[in-house]
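All remarks here apply to the structure that follows.
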Amino acid sequence: MAKKSAENGIYSVSGDEKKGPLIAPGPDGAPAKGDGPAGLGAPGGCLAVPPRETWTRQMDFIMSCVGFAVGLGNVWRFPYLCYKNGGGVFLIPYVLIALVGGIPIFFLEISLGQFMKAGSINVWNICPLFKGLGYASMVIVFYCNTYYIMVLAWGFYYLVKSFTTTLPWATCGHTWNTPDCVEIFRHEDCANGSLANLTCDQLAERRSPVIEFWENKVLRLSGGLEVPGALNSEVTLCLLACWVLVYFCVWKGVKSTGKIVYFTATFPYVVLVVLLVRGVLLPGALDGIIYYLKPDWSKLRSPQVWIDAGTQIFFSYAIGLGALTALGSYNRFNNNCYKDAIILALINSGTSFFAGFVVFSILGFMATEQGVHISKVAESGPGLAFIAYPRAVTLMPVAPLWAALFFFMLLLLGLDSQFVGVEGFITGLLDLLPASYYFRFQREISVALCCALCFVIDLSMVQMAGMYVFQLFDYYSASGTTLLWQAFWECVAVAWVYGADRFMDDIACMIGYRPCPWMKWCWSFFTPLVCMGIFIFNIVYYKPLVYNKTYVYPWWGEAMGWAFALSSMLCVPLHLLGCLLRAKGTMAERWQHLTQPVWGLHHLEYRAQDADVRGLTTLTPVSESSKVVVVESVM
């Protein structure tokens, strides 16, 4: 069939761009015949494909991005990394990598989604040879959706247990406690014999009720990955409740998601402010904040500091997951995504920095109360959320109130990240379905199947060996290594294959002006260099996963982790090689064909220079001489 090329590629109408009663094109490129007038009805009485949704108001998009990108990592990981890597000095590599890596890629993904009006896979119709990036992001976000919700389930469990007069993790004597359990004490108490005449050396071997509640009651931790054990029925119910909540947040699309995030994205800030006010009034809070910010300039010479800064930026900005492109795809075509990206990046990093004051004011109080150095109580990740902070609130007046506030904030921080991640996955999935496969309740059923599948996989994490499985997912599947790999190839595809100047023109077409040239320079040079540099450092300084500094994973457990990582990382080269091998012609012809963009219907007004093409609408019949052939794939 004859093909008519536009200025920068060939046109393709994606399913969600067909308005009203329109249906997919027939095999000859013309609209397929239907039962309605002029053949425009759906064939055989099939349902019409609805137009792609857009945000009710632009603030819905802003709040959704805040809810997704600002998550648990901002509260429980950044403050610890800042303390561990030289205090205020850590802000130097953090800000530098944000400027040359985080913000440019953050903007790239949002603008790409807005321009292509597609989810994480079809967005790469801009450079079809690199569609493997879309499949890779779908794999990564699926892994994230699977294991991330476990933190919500644990947080929900702690929240329920907080509604008691005495917190269950504050005292010994419960069925899950061992004879080695000793309640919270000051370090000097052991020296003067006020704790049952035990010496400090003897007490060092005893266990806190907070740790025993976490390991023996919540996790019911087994001896290793090879001993899966039974399900924890209480945590399983909490997990099920979380998945039901996520389902009803996502099932109706961005119209419902955009409303829910107004609460889930803003209320955690209210709780953070309340906790900060409470924290700074506690004894020892100032010491904790000083430890958080105290500069250690020698740390700048350590490669690990730069690795930690880079991985934290890419993880907290939610880069490489495909969800940002999905959220951007629901924007109006002329939305100022450049301004939005800058604002969102500042909110993200600002939240991380602010959360450090909240966390370390509490940890400073905790260290003072126990008479130990703050390094003994500083934790990161689940250790902060479920050991350090629960221990701290037991020392406060009205402990259940502060525990309930903290875990409610934790639940909300994770909830919007979770359901927006699921939204990104579902968007990419539904964009793949041809228009002819559309059916009523397609979204609702797809979301239900996704949630059900993830729930079944999550059952492996509520067993006695569940924490070992959780750590495998966390350490390998969505690690800094996989996200840096994604970001590197995104820069290559857009800046070097499609063309950085060309994409800057596309952005100008949307927002009315070209962004700062810094973005183009970053996409072309600085960002890929930073990504590849930190990626290589990650590989060179790789350390096998160890749980709680004691349990070493078996070789097959580590192999499983690397399988998680490689299942996404190999999508890019395998798809690229597969396309080149299947295509026909010389290598130059294959490359030219496979890197030619496939435009959507909404690009006609902006991309086509031919008057016939510019005036084309799907409702207006055209002559054979001026017909534009619509193709669905470049393969």
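Glycine is treated like the rest: Cβ placed from N, Cα and C.
The topological domain 'Cytoplasmic' annotation in Swiss-Prot covers 1-60 (among others).
Swiss-Prot lists 1-35 with the feature region 'Disordered'.
Look at Swiss-Prot and you will find 25-35 tagged as compositional bias 'Low complexity'.
The transmembrane segment feature in Swiss-Prot is assigned to 61-81 (among others); the stated evidence is sequence analysis.
Computed over the topological domain 'Extracellular' (82-87), the whole-number mean pLDDT of the model equals 82. Annotation source Swiss-Prot lists topological domain 'Extracellular' at 82-87 (among others).
Swiss-Prot lists 88-108 (among others) with the feature transmembrane segment. Long-range Cβ contacts of the transmembrane segment (88-108) within its own chain (Cβ-Cβ under 8 Å, at least 6 residues beyond either end) map to 81-82, 293-297, 299-300, 305-306, 308-310, 312-314, 317, 319-320, 324, 337-338, 341-342, 344-345, 349, 353, 487, 490-491, 494, 515, 518-519, 522-523, 526-527, 530-531, 534.
For the topological domain 'Cytoplasmic' (109-138), the residues of the chain that approach it from at least six positions outside its boundaries are 12, 14, 16-17, 52, 65, 319-329, 331, 333, 335, 337-338, 340-341, 424-425, 427-432, 482, 486, 489-490, 492-494, 497-498, 506-507, 510, 568-569, 571-576, 579-580, 591, 594-600, 602, 633-635, judged by C-beta separation under 8 angstroms. Residues or ranges marked as topological domain 'Cytoplasmic' in Swiss-Prot: 109-138 (among others).
Residues or ranges marked as transmembrane segment by Swiss-Prot: 139-159 (among others).
Under the heading topological domain 'Extracellular', Swiss-Prot lists 160-230 (among others).
Within the chain carrying the transmembrane segment (231-251), a Cβ under 8 angstroms from the stretch's Cβ atoms is held by residues 149-150, 152-154, 156-157, 160, 218-220, 257, 260, 415, 418-419, 422-423, 426, 443-444, 447-448, 451, 454-455, 458-459, 462-464, 466, all 6 or more beyond its ends. As annotated by Swiss-Prot, transmembrane segment applies to 231-251 (among others).
Sequence-distant neighbours of the topological domain 'Cytoplasmic' (252-269) (same chain, 6+ residues past either end, Cβ-Cβ under 8 Å): 53-57, 60-61, 63-64, 66-67, 70, 330, 351, 409, 412-413, 415-416, 419-420, 423, 443-444. For 252-269 (among others), the entry in Swiss-Prot reads topological domain 'Cytoplasmic', with the evidence type sequence analysis.
Using a Cβ-Cβ cut-off under 8 Å and counting only residues 6 or more beyond its ends in the same chain, the transmembrane segment (270-290) has close neighbours at 75, 354-355, 357-358, 360-369, 374, 396, 402, 405-406, 408-409, 412. The transmembrane segment feature in Swiss-Prot is assigned to 270-290 (among others); the stated evidence is sequence analysis.
Annotated topological domain 'Extracellular' per Swiss-Prot: 291-304 (among others), in sequence order.
Annotation source Swiss-Prot lists transmembrane segment at 305-325 (among others), citing sequence analysis.
The topological domain 'Cytoplasmic' feature in Swiss-Prot is assigned to 326-341 (among others); the stated evidence is sequence analysis.
Taken from Swiss-Prot, the feature transmembrane segment applies to 342-362 (among others). Beyond its flanks by at least six residues, the transmembrane segment (342-362) meets 62, 65-66, 69-70, 74-76, 78-80, 82-83, 91, 94-95, 98, 102-103, 106-107, 269, 272, 275-276, 279-280, 282, 285, 288-289, 291-293, 312, 316-317, 374, 378, 384, 389, 392 of its own chain at Cβ-Cβ distances under 8 Å.
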Open item on the list: Does the structure show the transmembrane segment (139-159) and the transmembrane segment (521-541) touching, where I'm treating 3 or more Cβ pairs under 8 angstroms (sequence separation 6 or more) as a contact?
Closed with: no
Task: Among 305-325, 395-415, 445-465, 480-500, stretch most in contact with the transmembrane segment (521-541) (C-beta, under 8 angstroms) - done: 480-500
Open item on the list: If we skip the immediate neighbours and take only residues 6+ beyond the ends of the topological domain 'Cytoplasmic' (326-341), which ones have a Cβ under 8 Å from one of its Cβ atoms?
Closed with: 52-55, 58, 61-62, 64-65, 68, 103, 106-107, 109-120, 123, 254, 420, 423-424, 427-428, 507, 510-512, 515, 602, 606
Task: When counting Cβ pairs under 8 Å to the transmembrane segment (480-500), the leader among 305-325, 395-415, 445-465 - done: 305-325
Open item on the list: Let's see if you can do this one: DSSP helix, strand and coil counts over the topological domain 'Extracellular' (82-87), in that order.
Closed with: 4 helix, 0 strand, 2 coil
